[in-house]
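A.B. asks: The structure's right below; bear with me while I get my questions together.
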């Protein structure tokens, strides 16, 4: 991609935010002079990562400057070509890594990078040169870090702001201003927790990979009479969904804050139950959670516990779910394959308050007294033809114990 810039926009190129604001201002009476227009300043600040709107209070400016120096490892003193050159890579390769981690597009003359940025790029380039990683894998690793930490930071900031609003009687704007003063006090603790959690999660992943994957695949092959020769779907897992019924209509009747509380509570409750059951929360999509477990029994226990515990909470509407045991592919932190699709289809078929599974998973669970399997009507399912769903219910035993 060329690094040349031109001042003449293409006829089909989209307007920038600042250009759109200026265009709108030309056709409307300006309440304030253009040079002090806060909306225009905000639009320009969003396009230029080093700009702070002129009307920002000086105390906030000073705090932001102090926080930045602490967070990014020093003073910004390098341009992109200087950093790429010192790492011994082309600007094109460096930009691919920077984009993967979420850096904005920069011009050649913007002083944006610190010594820490040089070190980070040098580390990734060194791993590629030593043969530990391919360039494609390095980009994928950078993207995983960038996307996950971006979501994590937004989550943490909003949680802190919500806490200040609820417990300190502050407005949203006051809480966000106050957060500038709080962050320097809590950054070290959160940073330590991040590294601690990452190490713990990696350790759990190593155990799943090294100690249990073979057992899971062997159990799957035994159930289905297959072998492991050359399958493109190497992992055997129980895949489950839990879904809030009538979420769309419910969300229309709620104000934004109440809806946010509902979604946060749903995600937190599901994450707790899945963790207690030894599963892994793959992702949440508003009214739905997707999780995996390493055995069909663990997946079934989680599915039933989700149904039972969510039904106890008066804040939630009714829920429905499904769990299916089968092979899948794990990529980019997500999971793929017919097993995932089957679980999703069964979830959409389930009646409120019920959990469905497929015939093969039902057969696997049939001799376990903790579960009751009830055959349902044969149903045509898109992509699978006619299938025999089974309703999964609790049998003997207390199920998962949720404090």
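Glycine is treated like the rest: Cβ placed from N, Cα and C.
Bear in mind that the values here come from a model prediction, so they are computed numbers and not experimental data.
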A.B. asks: Tell me which range among 1-37, 75-111 Swiss-Prot lists as region 'Disordered'.
C.D. replies: 1-37
A.B. asks: Can you tell me the three-state DSSP label for residue 243 (Mg(2+) binding site)?
C.D. replies: strand
A.B. asks: Long-range same-chain neighbours of residue 287 (Mg(2+) binding site), Cβ under 8 Å, sequence gap at least 6?
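C.D. replies: In sequence order, 243, 244, 247, 248, 263, 266 meet the Cβ cut-off.
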A.B. asks: Once the chains shown are all counted, how many other Cβ atoms turn up within 10 Å of the Cβ of residue 243 (Mg(2+) binding site)?
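C.D. replies: Step by step: centre on the Cβ of residue 243 (Mg(2+) binding site), count other Cβ atoms within 10 Å, giving 22.
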A.B. asks: When DSSP states are grouped into helix, strand and coil, how many residues of the domain 'Guanylate cyclase' (238-347) land in each?
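C.D. replies: The composition, in the requested order, is 55 helix, 34 strand, 21 coil.
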